[in-house]
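Peer 1: According to Swiss-Prot:
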- 115, 165, 169, 287, 319, 371: substrate binding site (BINDING)
- 167: active site, proton acceptor (ACT_SITE)
- 193: N6-carboxylysine (MOD_RES)
- 193, 195, 196: Mg(2+) binding site (BINDING)
- 286: active site, proton acceptor (ACT_SITE)
- 326: site 'Transition state stabilizer' (SITE)
């Protein structure tokens, strides 16, 4: 019997609330934390989120009869309480894969975090997690090189990589900037880095910076016999200008470039990642602006979602927080998104904030980057938390050394190697860290001076965005 059109407004839950639905392996699944307006039933507001983020609108429309609405609509299929917070609840929604353009995280996010976030029936809405089916993962390019290829390119194995963000982040001339890079690389760092807001300002145009930095890299490589790199930030006002800067970095022999993937845009990032893969370049990703989206525990996008988006869009490094430094980061939640960056399969684990199984197939992993207010005293905890497949990035913790940049780099190199050796010998880094560092400092005056300089520096503030579940 043909369907008939009934004009008017009906409740969302009549069409989009389907607790009997069993998600398909090909569905994209989303978990939202929903804070409804007072008096709005949970089922109605969950269905409204499903409708407004897929095929629905505020009224019935006759053009629904021209398509197979049952095939394309999003389905709210489950509701759960949020532990310890009765003002909100979790809504689980399944989206047919055919709703989304292949390989386009932009298209996925435009639907899932689009107009629905301004819906009046909601007081707040947060996208907590997404499950991308393997059928969709395979349409995405992913990291340009991946962890193993990067280690092979650099010929560095068995320890975390060491980096340093050049400070002051703004105001240095290109020549002095290159000098700071050289001193850090010569002292023992693997990488130095542009800060996220270093682009092409009047005090240091991008081409001048690239040239002086490459001179620093080549000189440090010749003196140390090690492969070195600097994250040259190619973020630009337009994607054409971004690609121009990337091409020049390749031309002068740079092994790695950098992009601010949120402020620069996901379309630009995907384009750049594909170019890096084609041209044998590594891609470092900064997450500038993430806290605007992810820090409010009731509204926005959780960082684990932004992590998944980056892995699909493409990047070889991603800033991940430190747990122990100056920036926000719950330990278990951080471990959860580190797993999302690196592992080929993530099992649902609510104790780490992971709501769905996630199969990445053969897609390479991303190196987590610990950066923000860290110094040598944090090294045992960082090595224990992040393991070998990571980048430990000390800006002030290198350049603030009382003897200068090279000494700061040497102190960090001695500290990381001492911690790795101690771990490999079965010692407990976070319990025995002070003894491990003190023993190493007996043979390293640079490390001893660093330990004395930062012995009282701590960042003991409570985390704003905590996991909603108890750690098991």
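Keep in mind that glycine also has a Cβ here, set from the backbone N, Cα and C atoms.
Each of the listed features needs to be described in terms of its position in the shown structure.
Peer 2: A C-beta separation below 8 Å, combined with a sequence spacing of at least six in one chain, links residue 287 (substrate binding site) to 261, 262, 303, 306, 310, 318, 319.
All protein chains considered, the CB of residue 167 (active site, proton acceptor) has 16 other CB atoms within 10 Å.
In the three-state DSSP classification, residue 193 (N6-carboxylysine) falls within a strand. There are 29 other CB atoms within 10 A of the CB of residue 193 (N6-carboxylysine), with all protein chains counted.
For residue 286 (active site, proton acceptor), other Cβ atoms within 10 Å of its Cβ number 28. Reduced to three states, the DSSP call for residue 286 (active site, proton acceptor) is strand.
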Peer 1: Would you say which of the binding-site residues 195, 196 has the most Cβ atoms within 10 Å of its own Cβ?
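Peer 2: Result of the Cβ crowding comparison: 196.
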Peer 1: Out of 115, 195, 196, 286, 371, point to the one nearest residue 167 (active site, proton acceptor) in space (Cα versus Cα); all of them are recorded positions in the record.
Peer 2: 195
Peer 1: Taking the center of the Cβ atoms of 193, 195, 196 at the recorded Mg(2+) site, which other residues in this chain have a Cβ no more than 8 Å from that point?
Peer 2: 165, 166, 169, 194, 197, 198, 231, 233, 258, 286
Peer 1: Return the single residue from the binding-site residues list (169, 319) that has the minimum number of other CB atoms within 10 Å.
Peer 2: 169
Peer 1: Is it possible to get the count of other C-beta atoms within 10 angstroms of the C-beta of residue 165 (substrate binding site)?
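Peer 2: I count 24 other Cβ atoms within 10 Å of it.
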Peer 1: Counting Cβ neighbours within 10 Å across all chains shown, tell me which of the binding-site residues 115, 371 comes out on top.
Peer 2: 371
